[in-house]
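First comes the structure, then the notes that go with it.
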Amino acid sequence: MASARTRKWTDFITCTQVLNIMVILGFMFNYMLRVNLTIAVVAMVEKNDTNTTPSIDGRFDWNEEQKNDILGSFFWGYILTELPGGRLAEIVGARRVFGGGMLLASLLTILTPAACYADYYAILVLRAFLGFFLGATWPAILPMAAKWVPPMERSKFIANMMASSLGAALTMPLCGYLISAVGWGSVFYVTGVIGLIWSVAWFFLIFDSPAQHPRISPEEKMEIESKIAEGAGGKSKKPSRVPWLKIFTSGPVWAIIITHGCSVFCYFTVVNQLPSYMDHVLHFNIKKNGLLSSLPYLGKYAMAIIASYLADRLRKSGRLSTTTTRKAFTTFAVLTPGFLMIIQAFFGEDPILSVVVFTASLFFNGAVTAGYLSNGLDIAPNFSGTIFGMANTLSSFGGWLSTKIVALLTKEEQTFEQWRYVFWILVGAYAIGAVVYLLLGTGEMQSWNSVAEEEVNGGAKEMQPLKKKEEKEIL
């Protein structure tokens, strides 16, 4: 009876589809836990209060430098667990790393209001620990993709990570409504509880590979494993040790790291600072702020889906090689927002134009899912978590750096003239990322990814007699 119900359930929705849904929701809620403070802080700060303690309405006397330190403290912890998180997922599995990180981060989110009222340094420490737990989650997903998703379908799966933008888009208006209706504290209680519910569902529904899933059908399991083996050319056995020297001296790896660092530096600048820019320079109220702040993230998620689908189609059809596909989409996704930031630097005082520019820049940037963001799975699927962890470590530092740069440039006054310097910095960062990837990027599998390739290259003489013997037996 139970087996019949299981067969009926797996016929209705496959385990791969469940994985996709849970990863989409996971990254949505992951960013919900991250960006809730960026909009809530606008309502939390007492702009004209000279007291050093919270006022009656729950506002705090944090100056611009203190406010940006709170936003930046997230990256103190985030940067520490990127590389360990990716490597840990390769060893113990993404199920534990991603799910555990989300569970603990959700609990800390619920405790955020209490930390704010306790002490300024308490919220700094709490946000650092929040970053510590969420930092391990992102690189953990790529090792899972290597076991669940065939090579020619991985761009679409990686696009699920851009559901983070969808999460930000939904969080902005939700937080705006909660703040105006209930107060800023409700933002952290609601998002924290949502994260807890997802975490419980993740551990019940998701497993690290088809072979470990207790409810997968034999047909689905065989299809996934055969396609992955075929895509790897039968040479996918993982080395027992990480080839650190080869990774650190690999041009394609550094293409991913540098381009990712530049792109995410620009993205974090927008994510963390757009609500403040709209409040201080464009003068939107808190509810309008939340709605308009969400538009760029909706655009980014839409492009991520479109570009990933198109990239996989082009690769499957043979019209473009993997290398050409990754370079074309990366250049488009990184260089186009750079040109748009030039427009913003000149005409950013116009509220309507600013919304259009930010929305369009993040929309085009969503194509990174078909570019460098999927590239680690192309060149070294066995170490994709490690590579992404390295890339996200640099980008995490960039996220912290962006808060310091904005604080330095706007600490005296929040004017468009001061923000113009920020936009020119973004132009330069986008341009550097595009050029580096064009020069160093590739879609070819690297020899150090698998033991089998190294054995073929280094032990051809030993394998030759075996091949001849087999040929004689056939004759």
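Placement of Cβ uses the backbone N, Cα and C atoms for every residue, glycine included.
Nobody curates TrEMBL annotations by hand; they come from automatic prediction.
Listed in TrEMBL for this protein:
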type     : residues : note
TRANSMEM : 12-33    : transmembrane segment
DOMAIN   : 18-445   : domain 'Major facilitator superfamily (MFS) profile'
TRANSMEM : 96-115   : transmembrane segment
TRANSMEM : 121-145  : transmembrane segment
TRANSMEM : 157-180  : transmembrane segment
TRANSMEM : 186-207  : transmembrane segment
TRANSMEM : 247-270  : transmembrane segment
TRANSMEM : 290-309  : transmembrane segment
TRANSMEM : 329-347  : transmembrane segment
TRANSMEM : 353-373  : transmembrane segment
TRANSMEM : 380-401  : transmembrane segment
TRANSMEM : 421-440  : transmembrane segment
Residue numbers, six or more beyond the limits of the transmembrane segment (12-33), whose CB comes under 8 Å of its CB atoms: 98, 102, 105-106, 109, 130, 134, 137-138, 141, 144, 148-149, 157, 160-168, 170-171, 191-192, 194-195, 198, 201-202, 205-206, 210, 213, 215-217, 220, 224
Remote residues contacting the transmembrane segment (380-401) - C-beta distance under 8 A, at least 6 residues beyond either end: 72, 74-76, 78-79, 82-87, 89-90, 94, 131, 135, 138-140, 142-143, 145-146, 151, 232, 236, 238-239, 242-243, 247, 253, 256-258, 260-265, 268, 272, 445-446, 448-450
Candidates 96-115, 121-145, 247-270, 329-347, 421-440; stretch with most C-beta pairs under 8 Å toward the transmembrane segment (186-207): 96-115
Most Cβ pairs under 8 Å with the transmembrane segment (329-347), selected from 121-145, 157-180, 247-270: 247-270
Outside the transmembrane segment (157-180), six or more residues from its ends: residues with CB under 8 Å to it: 20, 23-32, 35-36, 39-40, 43, 138, 141-142, 145, 148-149, 186-187, 190-191, 271, 275, 286-291, 293-298, 300-301, 304-305, 307-309, 362, 366, 369-370, 373-374, 377
Contact set, same chain, for the transmembrane segment (247-270): CB under 8 Å, 6 or more residues outside the stretch: 296, 330, 333-334, 337, 341, 358, 361-362, 365, 368, 372-373, 375-376, 379-380, 383, 386-388, 390-392, 394-395, 397-399, 401-402, 405-406, 422, 426, 429-430, 432-434, 436-437, 439-442, 444, 446, 448
